[in-house]
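Inspection log for the structure reproduced underneath, given as structure tokens.
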Amino acid sequence: MAIERTFSIIKPDATERNLTGAVNAVIEKAGLRIVAQKRIRMTKEQAETFYAVHKARPFFGELVEFMTSAPVVVQVLEGEGAIAKYREVMGATDPAKAAEGTVRKLYAKSIGENSVHGSDAPETAAIEIAQFFSGNEIVG
Ligand code: RTP
Ligand code: MG
């Protein structure tokens, strides 16, 4: 399988509970390498752009409000099949349905406040990485 890069966000519910290191431990234990990372406060504009695909969904306003409510940690993860692997490591969107040992099973509070984001395909990974990182910030 090819070496890929995926985009990750440690969301406000996790940073607020001081779980950045705990989430990173799960990521690294799964064999994914954190090749870029920064803590930011997302602006409303950044959150709306990032989740534009969900604009028509009933939870969009709530989602943007949540993502801007506290700092987040944006990351680039690298590894074999990193995109699918990280989705596995994260677990299902709804923590009640997430498998044992996944980040969301371990730490998520609810379907909305679910601790992490991960890209769902190579195309979205490239777009999402480019929204938050320039090439020289990523050190593989
Ligand atoms: P993400 O994009 O954050 O990695 O999560 P995902 O693919 O597992 O889920 P997606 O369907 O793309 O939804 C994006 C985020 O929107 C929030 N959400 N809230 N209240 C709700 O019913 C609801 N559904 C989704 C979650 O924060 C979800 O991760
Ligand atoms: Mg998604």
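The backbone N, Cα and C atoms fix where each Cβ goes, glycine too.
Automated prediction, rather than curation, is the source of TrEMBL annotations.
The ATP site recorded in TrEMBL includes Lys11, Phe59, Arg87, Thr93, Arg104, and the single candidate from Asn24, Asn114 that the record places there is Asn114. When the Cα atoms are compared, Arg104 (ATP binding site) and His117 (active site, pros-phosphohistidine intermediate) turn out to be 10 Å apart. Lys11 (ATP binding site) sits 7 Å from His117 (active site, pros-phosphohistidine intermediate), taking the C-alpha atoms as the reference points.
Of the listed recorded positions, namely Lys11, Arg87, Arg104, His117, the sparsest CB environment within 10 A is found at Arg87. Calculated from their C-alpha atoms, the gap between His117 (active site, pros-phosphohistidine intermediate) and Phe59 (ATP binding site) amounts to 16 Å. Each of the binding-site residues Thr93, Asn114 was scored by the number of other CB atoms within 10 Å of its CB, and the largest score is that of Asn114.
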